[in-house]
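Annotation comment: TrEMBL describes 57-238 as domain 'Tr-type G'. Among the features that TrEMBL reports, GTP binding site is placed at 66-73, 131-135, 185-188.
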Amino acid sequence: MALGSRAASWWARLLSPGPGVVPRGPPAWLAVGLAACRRPYSSGGKEKIDMSTYPVESIRNFSIIAHVDHGKSTLADRLLEITGTIATTDRNKQVLDKLQVERERGITVKAQSASLFYNHKGVKYLLNLIDTPGHVDFNYEVSRSLSACQGVILVVDANEGIQAQTVANFYLAFEAQLAIIPVINKIDLKNADPERVEKQIEKLFDIPVNECIRISAKQGTNIEKVLEKVIEKIPPPSFNTTDPLKALVFDSTFDHYRGVIANIALFGGEIEKGHKIVSAHTKKRYEVNEVGILTPNEQPTDKLYAGQVGYLIAGMKEVTEAQIGDTLFMHKQPVEPLPGFKSAKPMVFAGMYPVDQTEYNNLKSALERLTLNDSSVTVHRDSSLALGAGWRLGFLGLLHMEVFNQRLEQEYNMSVILTAPTVPYKAILSSAKLIKEYGKAEITIINPAQFPDKLSVSEYLEPTVLGTIVTPQEYIGKIIVLCQDRRAVQKDMLYIDEHRVMLKYLFPLNEIVVDFYDALKSLSSGYASFDYEDAGYQAADLIKMDILLNGNPVEELATIIHCDKAYATGKFLCERLKDAIPRQLFEIAIQAAIGKKIIARETLKAYRKNVVAKCYGGDITRRMKLLKRQAEGKKLMRKIGNVEVPRDAFIHVLKRQPDK
């Protein structure tokens, strides 16, 4: 007897009434259990799709790229509806944005893929769509997505026109030699001006006006034209099913029950359940448990063929086993590994510590799983006297750091302390002893505590970025002043049309990393947009500023700063500390120092008992004697007293704050 029928008969005996009792049906919760026992077992209950009916010629792989908030995810929703992939309802908003943080902030953080089926002129086509993020911090996601595509849809807002990230994403696709379909979205808005945007596209990107498609993703206007253009203009992948298996892992997630789920693009051959595959990175061998496509939920299939994009589950238990950019091939059929991805270069570093040190192992496990899903984060072990054991993490930008922290809290229920963000500096050593110790003449400094003394260094270097600002012309004056305050050097200025200007500046990275974007938005009433790319290192007059409490340096509050900004930053930190540190029975001197020189000071006054309260009249010498004795006691207490900065004070001081 099958297990299901045995369980069903057991339930029936349990529920059968005794003699003379009127039979009653089981309670609702038992009825559900009984029905489940009788139901035949199936893996997810999904009908498998035969992928062999879609030859390479009828496959199109494409991404949607655009500036932030230009309507990529809304266009993806309409494409999913029009191809029948999801039901058409009013609730379809950001269908591909699955993370809680994406829905809360209204932005795309992770690139998500979905397979669409579409009939055009009697031919069935398989369209693999990847929706990408628009913010500059997630540029790495865009470049990864483009590696699995043959073309892109470039979306531009009909109201705002070309923005900084539109330009950056266009050049990413252009350098990858992909077919580009320009789409002007939001034509239903009152202030939409599609003619102006078409001229901008023609001037900047050299794409003829007649190739632009005007759509409204919200209302579904002209969406069919976009699909037709995708089929006509984007070439099919040039791969062959008869070649040996070659699959690129371009994303991966971790499931507690099934292990690692790898998103793959097939560059040759075919793959099915039971195949023995090998990872080119780890050299480990796996047996394929399940393959399928994303529609956008997982849909198992019998096989995946060359040119198709899908997912694979192969019993990978460790998060480190599915490296993004890895190549999978058939056992005993080795192939030349694909070039993979250029590793992401962290632009911002911050210390991360558990609020409670007993949570250290849990946080370590959460970090491993989250960095599998977000491989652009770099992790190094670190420790601090005040905050305990932790890590130094490298992020692509400040929004990336905030989103990562929010995902840790929401997905893994972890509370952490993040220290002030810093950027990676370099020092060229002149001391032979230090060169021997480090094994090289040029070192990278990601923690201010490792900053070498000026006497042993011939030159300090700071990272720079080439920033692109697109703004209405009436705000140019204010923006130029802001850029000059941030030590930026103007490189180019171009009028896109009679109203908009594109400025190019060379910025020191530490000047823009904290609050430049916020300042730019407030100066331009939200109209200016900003994008940047790495521009190498340049020589700079850098110094290490220490914070002293009663003459003792506090390691966690040390910062590396340009000498022009030292005084203002030192004064600001001393004022913040004065508010954050609790008063003691003795006076505390809070000082900012560069080497031996004190550049700013605040004094936290002591709690003081009124020792002359009992004196009512009489000689002044009696009062003076009591006050003198109190002052001597305070002086002695200050010598032996130890100032401990509470953790709350660290968090208060290290919190990101705009310049004052």
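Cβ atoms are placed via backbone N, Cα and C, with glycine included.
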Taken over the domain 'Tr-type G' (57-238), the model's mean pLDDT: 81
Cβ atoms near Thr132 (GTP binding site) (within 10 Å, other residues, all chains): 27
Protein Cβ atoms within 10 Å of Asp69 (GTP binding site), excluding its own: 16
